[in-house]
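Here is what TrEMBL records for this protein:
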{"type": "DOMAIN", "residues": "56-179", "note": "domain 'Glycosyltransferase 2-like'"}
{"type": "TRANSMEM", "residues": "292-309", "note": "transmembrane segment"}
{"type": "TRANSMEM", "residues": "315-333", "note": "transmembrane segment"}
{"type": "TRANSMEM", "residues": "345-365", "note": "transmembrane segment"}
Amino acid sequence: MSKVLAFKRSRKRSAICQEGATLESSAVEAGWRINAQPTAARTSRWQSASEDVQVSVVVPTCGRPELLNRCVASLVLQTFDPERFEIIVVDDRPSPDTEAVVRRWAQHASPDGLRVTYIPSSGPHGPAAARNRGWHAARGEIIAFTDDDTVASPDWIEHGLRAFKNDVHAVRGRITMPLNGTPTDYERDARNLETAEFVTANCFCRKRVLKDLGGFDERFRFAWREDSDLYFRLLDYRARIVHAPNAVITHPIRPADWGVSLSQTKKMQFDALLFKKHPVRYREKIRAAPRWDYYLIVAALLVCVAALAMARHDIAAVAGAVWLCMTARFCFLRLRHTSRSPAHVAEMIVTSALIPPAAVFWRAVGALRFRAGFL
C-alpha cells in the first residue's frame, strides 16, 4: 500500500535552502550522510505534489544511498523550472537508508513545487527493469535518464530539453569522467563512456517512443549492453537522435576492488543477447570480430594441460610457450599508457592470466542461455 505525502507548494526557489546555507554548496560535491530514519511508518512511495510536469528524470539505484544523495542534490538544484519536472528514484534493493535520502530531498524540494518520488522494486531486478518502472510511472512527455553515481550540471535539463524539436525522438548528452594522474586499466576502460554514442547515464527520450519500443529489455540483468540495445532499436525505429553537448553529466570513476576486471567478465554473457538481437549493428558498433586472442590463449592452455596429462612434454612446451607469449602480450597492452604502480602491475599480471578463460566461459554461457551463435 502506497502513501503519498503532499507538501505546500511555493514558487520561491530559495526555499530549498532554508534549512541551512551549506545545503547548496556542499550537497553536490559531497552529499549528506543521512542516518535518520523516516518518522512515519515504512512506505512504498514518498513524493511532493505538482501537476504540470514536462520532464521526468528517472534514476535507478541499488544500495548506494550516499552516491544517490549526491546525484539527487544535483537534480534538485537544476536551473530548470522545478514545477515542470519531477525526479523518480527506483530502488532496486529497497532499504530504509535509500528511502530516507529520497524523503529528505522530497521535503526540501516540495516548497518549490518539485516532485521527488521513491519507488521500491520487488522485481524483476536490474537497471533495465528499474528504468522501466520509472518511466512507466512518469508524468512527463520527455523522459530523462541518468545513474545514481552521476552529477548533473545545473543546466542539464535545460540543454537536454532545448535540443528537442518536433521531429526529434531522443537526445544524447555529454559525459565527462575526470581523472587525476595516470589511469589504471579499469579507469581507462571506464572512460570510454565519454566517447560512447549513446548511454543511459545521460539521455532523453520521448515517452511515446519508449512505449512504441516496449522500453528496455529486462533480460539485460546487469548494467551492461541494455543501453546499446535501446540505441539499436531506436536506430531500427528510424528515430532522429541529436547530440546536446551542453547537457553535461559528470560521472566520477569510483574506486574499484582489486581484480575488478576479472569480476566484470560475467557481464559478457549479455554480449550474446545483444548479438542475437542485432548481429549487424553489433559488428558495426561494438566489436567487428570475435576475441580470437582469448580463444587462442585458452586453446593453448588446454593443449598444454592435455599434453602434460599424456606425458607429451614436447607438445606441452610449445603450447605453454604460445600461452605465455600471448598472455604477456595481453598484459603489455593493458599496461600501456596506464599506471605502473607495483599493485597495479601485479593486478595486471594475475588478471591477464585469468581473464581469457573467464571471458570465454561467460561468452559460452551467454551463447547457450540466449541460444545465440555467438563467439
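Glycine is no exception: its Cβ is also placed from the backbone N, Cα and C atoms.
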Could you tell me what the rest of the chain brings near the transmembrane segment (315-333), counting residues at least six beyond its ends with Cβ under 8 Å?
293, 296-297, 300-301, 303-304, 307-308, 348-349, 352-353, 355-356
For the domain 'Glycosyltransferase 2-like' (56-179), what is the mean per-residue pLDDT, to the nearest integer?
97
Can you tell me how the residues of the domain 'Glycosyltransferase 2-like' (56-179) break down into helix, strand and coil by DSSP?
50 helix, 32 strand, 42 coil
